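Report on the following structure.
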Amino acid sequence: MENFPFHDGSIYDMLDTRHTDTRPDVNHSLQMHSSLVRRLSQERELEGHQGCVNAISWNSKGSLLISGSDDTHINVWSYSSRKLLHSIETGHSANVFCTKFVPETSDELVVSGAGDAEVRLFNLSRFSGRGLDDNAITPSALYQCHTRRVKKLAVEVGNPHVVWSASEDGTLRQHDFRQGSSCPPAGSSHQECRNILLDLRCGAKRSLADPPKQTLSLKSCDISSTRPHLLLVGGSDAFARLYDRRMLPPLTSCQKRMSPPPCVNYFCPMHLSEHGRSSLHLTHVTFSPNGEEVLLSYSGEHVYLMDVNHAGGRAMRYTVGDASKIMSFTPTLNGLELQPPIHDFLQTNIRVRGEVATGLGKCRMLVEIARNSLEEGKHPYYGIEACNEVLEGHLSGIGPMLRHECLCIRAALLLKRKWKNDAQMAIRDCYNARRIDSSSFRAHLYMSEALEQLCKYKEALDFAIAAQCLDPSNSVMAEKVENIKKHIAAAETEKNNKANDGGARSEPRTGRVLSLSDIIYRSEANSDASQDGPRSEREDSDYDEEVEVDFHTSVPGDEGRDVEANFLHGSLNVRIHRRGDSARETVDANGSSGSPSSSSQNDRIPYQPETVIDMKQRYVGHCNVGTDIKQASFLGQRGDYIASGSDDGRWFIWEKQTGRLIKMLLGDEAVVNCVQCHPFDCVVATSGIDNTIKIWTPSASVPSIVSGGAAGPDTADVLEAMESNQRKLSRNREHSLSYELLERFHMHEFSEGSLRPFECAQS
């Protein structure tokens, strides 16, 4: 909504006061000011790769850009001339997924990680005197100790000697150039690389309540630039983990799987912590420029912002049971707080009081806009944006009654919009509204509707009855209560019928029937086992015994949805029947197989689930399903804006504080994966499935919001694009996995350890 003012003020006022403003970050505020962000448009397209560009990164000075591609080349580009300086034939035998400049080396050392599980170091000074076509150089260091794809590299500011690599084999390794320039291939008889900093091969959790058992296939890692001892990792479950490197055990080898070390913090939105869906995982994690926040991007989900909470106690924490607590009816609420604390900033200063009064009038106007959006049947997007502006941008300046009103309106709009997890967000709003007014009819009504959308009919009935008690004369509520009771009765009948049918049609097969989720989860957890040691040592493999595979597909009609032609519409049902005895299966289900040697002792100790840091903001509109390398990034040195690529070929920019969508720019013919902001200038580089890199600068002739300047899409196109993305997200990631699994059956590729996480076709 273009009438909303921005929170960074007028750029003209900032320029006028720049010479008198003593704040050290005043120039940082100008780098990605809203007036510049609104003028972003594509300035240049860098050509030089022959495959998807999977990684881009700036050097510390911003004078060079490095890129890695499916063509196994690393390219180095000049920022000033926008020209290709070097193209390195890396020698990798698979896609390059990550590449970095090594700090404090005069930008001469660069490092790469690839799908061949190797990490390679190159010295650019060896190109001195060569032509651009003479691009084959021997790596200065070659590390072959990973057993699966290397998905992310991390470097430490000021450290020219060490690089860290995160791999899908469940380990994060620390490579010190001073200790050796090579290591033998994984699985060789002489391999004893003691460089594992994090062993998470028994570290993945299916839900918060479950102890870690399976391999955490690492997808991303980052080191804080302000506190470099802090290390953030994310992978094949819903939880990002923060570690203090000073508290980690000494480096180890891969000969023996270790129990996961304790971490400083877990990060996960509360509504995802008990999901238990194996395909839910992170594709990118990163620190904010000041190190106070982290950003998480999920496959099949949205982008979320969390506080690091290293000291101030600002972050919202929860533990097992809190998610169900907010969905359970209790007459009196206490304890759990789902909003950040409101800091008391009101002072006796007359100017501050005047600003509060002005802000309060603006908030009332925005609430009225949201109310009209709800009552007049407009698209809920606009009303939700207005409520976000009030609740996220002006929370400290509004009273409890206006906050309650805004929470109830936003909950109703979220339930009307029905984008992915909107019902979960509505539950949060209703819970907080009930904390303000425990007798709020609307809070109980909308909570009941949200629970209905989640098919939690028993909990919905409790809130519907409570709402009916608050307004006994409301005939609509009486009808609603009866409808929910019918849903409950129908669900019970269906459950009983399935139980009866299942008993009558049971087949004389031994072992447990695995779902597609189980197949993907367990294969991802164990497909690297073949490279951890000889077959006789792989007692933890779920595929040591012969399996039978039955599958069928159903391909319904398009149902009028605008989707890509290369997507399979339908479902794939796969059953794997184990021919081993049921006792072995029971052992596997309990997780004892494949655990570290100390697991027998640990099993006697009741598992104590961790406390987790909850989200403080959500960014929606894009789609992250098709690739496992999609990034979400902070823009600028202050990180006031959030950016992410998307499966629809666009990239999105949101205002960090409010979650408000600011820009939606077309950046690729298929998928945008990488978004990296220049260290100092208002310049952004993006890449994806195309063979090129796009450079974006504030060069549009006309400033605009949610468009690309004068040539950008109009609002109707924006809403249509976001609705299409939400439909893709709601079709569940299992759909894409089913397509890949079917293809592998056709290619006779369903063999032990062959199932891998779904990537884009080129990545």
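Cβ atoms here come from the backbone N, Cα and C positions, even for glycine.
TrEMBL annotations:
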type: REPEAT; residues: 46-87; note: repeat 'WD'
type: REPEAT; residues: 89-125; note: repeat 'WD'
type: REGION; residues: 523-547; note: region 'Disordered'
type: REGION; residues: 578-605; note: region 'Disordered'
type: COMPBIAS; residues: 591-600; note: compositional bias 'Low complexity'
type: REPEAT; residues: 665-696; note: repeat 'WD'
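Long-range contacts of the repeat 'WD' (89-125) within its own chain (CB-CB distance under 8 A, at least 6 residues past either end) are made by residues 51-52, 54-55, 57, 59-61, 63-64, 66-70, 72-74, 76, 135-137, 139-144, 146-160, 163, 165, 167, 169, 173, 175, 177, 181, 186, 629, 762-763. Confidence annotation: the repeat 'WD' (665-696) carries a mean pLDDT of 97 in the model.
Residues of the repeat 'WD' (46-87) grouped by DSSP class, helix first, strand second and coil last, total 0 helix, 24 strand, 18 coil.
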